[in-house]
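Database features (Swiss-Prot):
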- 1-45: region 'Disordered' (REGION)
- 1-82: region '5-fold hub' (REGION)
- 9-27: compositional bias 'Basic and acidic residues' (COMPBIAS)
- 28-39: compositional bias 'Polar residues' (COMPBIAS)
- Ala222: site 'Interaction with the intermediate capsid protein VP6' (SITE)
- Phe226: site 'Interaction with the intermediate capsid protein VP6' (SITE)
- Met230: site 'Interaction with the intermediate capsid protein VP6' (SITE)
- 396-416: region 'Hydrophobic' (REGION)
- 424-444: region 'Hydrophobic' (REGION)
- Met841: site 'Interaction with the intermediate capsid protein VP6' (SITE)
- Met843: site 'Interaction with the intermediate capsid protein VP6' (SITE)
Amino acid sequence: MAYRKRGARRETNLKQDERMQEKEDSKNINNDSPKSQLSEKVLSKKEEIITDNQEEVKISDEVKKSNKEESKQLLEVLKTKEEHQKEVQYEILQKTIPTFEPKESILKKLEDIKPEQAKKQTKLFRIFEPKQLPIYRANGERELRNRWYWKLKRDTLPDGDYDVREYFLNLYDQVLMEMPDYLLLKDMAVENKNSRDAGKVVDSETAAICDAIFQDEETEGAVRRFIAEMRQRVQADRNVVNYPSILHPIDHAFNGYFLQHQLVEPLNNDIIFNYIPERIRNDVNYILNMDRNLPSTARYIRPNLLQDRLNLHDNFESLWDTITTSNYILARSVVPDLKELVSTEAQIQKMSQDLQLEALTIQSETQFLTGINSQAANDCFKTLIAAMLSQRTMSLDFVTTNYMSLISGMWLLTVIPNDMFIRESLVACQLAIINTIVYPAFGMQRMHYRNGDPQTPFQIAEQQIQNFQVANWLHFVNYNQFRQVVIDGVLNQVLNDNIRNGHVVNQLMEALMQLSRQQFPTMPVDYKRSIQRGILLLSNRLGQLVDLTRLLSYNYETLMACITMNMQHVQTLTTEKLQLTSVTSLCMLIGNATVIPSPQTLFHYYNVNVNFHSNYNERINDAVAIITAANRLNLYQKKMKSIVEDFLKRLQIFDVARVPDDQMYRLRDRLRLLPVEIRRLDIFNLIAMNMEQIERASDKIAQGVIIAYRDMQLERDEMYGYVNIARNLDGFQQINLEELMRSGDYAQITNMLLNNQPVALVGALPFITDSSVISLIAKLDATVFAQIVKLRKVDTLKPILYKINSDSNDFYLVANYDWIPTSTTKVYKQVPQQFDFRASMHMLTSNLTFTVYSDLLAFVSADTVEPINAVAFDNMRIMNEL
């Protein structure tokens, strides 16, 4: 990256500390030294570098040669000169622009957003897995036999108040996160260890299931023979391969859908060629070549580059500020560094000659030289381009008495559209230019500007100034706005053609020359000369300023071609600070070396923009789908804020905790209006149609609960032993949990319970399992009764399933004493689907082979012409001043 090394910054700080120390020392020696001869003594043409050691040597030599009085005088003179020189050096150092410190973390987050297809699929998507469960005898003892059932692979319900609907919403979210863009079965296939002829099955989980079934003593011989025959079937002429898989019917439906709706598309050279931004393809400064012909099996996933459907620039100040900040940091990392700048020392010396500072006694013109250094110039160049690329608002820092800064500011306001500056800063700068340079030149009274005036100072001045050239320049600045142009479907903010070709600088120079010829009738002659000399310094570099303007425009437009999201211009909450002394540095130190972005930098910038934009759209699609699902699951109010928070977290760059609530809810409202993407909708429908099967396979979700005032005996069950479970609801009066929750009318159920009538609440609800006999004796099941009778709530209902068998603690209490345990509740739970090998064996079909390429620009080799020969849009060299 193009940032200065940290070591260099430390060295600068050390030097600064040394100079401060030296300044303090010299002040202690002589506090009352006169400062009237600053311009004479400090900026003499002869350069001296004085260190502490040299100072001591010089002083000791002079003392030896002279008597005591002379030595005292000489010591004072040397110290005075030394102090003045150090003071000016320190002032210059203080006025330099500090090196821009990149927020490395934001840049890394942006660059780490990779396209999803980079995650290689190694297994099929599964919700279910077959599990071997024991069988229990009538007395609760475990048999040696086992039976296979389909159970949930991830059977997790978080603790606390939790609704089964939320489980399904989380399951849907999990499916969306894992939903593959493509499936290539050949890549995930593994060897079937039990195969006779080294056949393969579709994935490692299928192989593990086959192994477990093959080794199970109760497996039929026919099934073992079938497993030994399981292998892939290849149809090479059709580029198709079939793999055997063991899947639950619902999982088979999911994977079948993924295979049918893959997002991969054929890839060829034309697609790669058209993927490169058109303006870079057509830019004569870049030489692009395709390295190779692609095979017929090459595939790619088209990035999702829909324009911003949420309009984040509209009423989302915090979010917009974060996006523009991250774009600004990214843009700064790709703006090229200026090369071969004019030597700072040589330029300051030349400027001091032009100003004839040694002949002057006024102090104002020494300020012209403060803050001029190459680091500030480079920093200013990068700030201007990066701020325009990211549409970050800038604020200006300046000192009104530094006329050189204000004259440089006139160039800045000429080439950068007014919208880029925060209004308060723009008004302050324009007012300073009017009252310091323009109005005094014509002998006009100071402008008294009213805060809140809809017109800017330049707009007021344009109407009052009679001079044609000055009024013409003011008119240009007042109407200098970005042109909004849609290129390749992206809204671009384009600069005025007069700025792009640099002609506007001539217009500025005409206005400046007119100002320098005026008499400044109300001002002293020294004031007039100072302004004239400042204008002279800038006008001496007319050619370089034209080149600088063209260079700025070219780099901005070339990098702008790599932006994929609409460039919306809205003032940002925070601003990027720009000091006018750094603009002076840029104007005074710009050389004649052309710098243009390298092709690798452009491709990197383009890829990062595409990846962020594509990820942004995919996350929007996910959030819209989750909101729709939450609505259909009646969780709309409960889950909404967390859905929006998850959406922002997955965009990587946001600090979600700091986003104001009003913007969260506005974001929710905008997401709610968007249509659901068809693939995501189909996936939700698959889950919604099979909710009962998923509930049955869970060890934590029941289909209802039976409540009685009197104890009910625990029953024997093959799957659990002694258990308070009901497999059907025959003979019980049923109340729907959904309706009870909706109506809030608990009178019916309370009356039934108090009249000793058992009642069945039907609906999916979570339950917990307890296998301790002691806990069954120790407590009544208040978890249900209290919720119903006292709290009048069913949304936090969580019954306990008591499971007593030979695996339980203290089982001997039941076995030895023929005790019949009882409970006041029964959990209504249907039997999970039994695993049937024949019904679970599916053949899945996919392409035999294809290769997905995620980085299309890797096939393009690119180079540039010699920078000195680089041309702008008008087919003339960018930098003409050689």
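Cβ coordinates come from backbone N, Cα and C, glycine included.
Feature map: annotations from Swiss-Prot on the structure.
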residue	record	Cβ contacts under 8 Å, 6 or more apart
Ala222	site 'Interaction with the intermediate capsid protein VP6'	none
Phe226	site 'Interaction with the intermediate capsid protein VP6'	Phe837, Met841
Met230	site 'Interaction with the intermediate capsid protein VP6'	Asn192, Asn194, Ser195, Gly199, Val201, Cys210, Pro244, Met841
Met843	site 'Interaction with the intermediate capsid protein VP6'	Arg233, Asn242, Tyr243, Pro244, Ser245
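In three-state terms derived from DSSP, Met843 (site 'Interaction with the intermediate capsid protein VP6') belongs to an extended strand segment. Residues belonging to the region 'Hydrophobic' (396-416) score a mean pLDDT of 93 in the model. Neighbours of Met841 (site 'Interaction with the intermediate capsid protein VP6'), defined as other CB atoms within 10 A of its CB across all chains, total 18. According to DSSP, Phe226 (site 'Interaction with the intermediate capsid protein VP6') sits within a helical segment. Counted with DSSP, the region 'Hydrophobic' (424-444) comes out as 18 helix, 0 strand, 3 coil. Secondary structure counts, DSSP: the region 'Hydrophobic' (396-416) has 13 helix, 2 strand, 6 coil.
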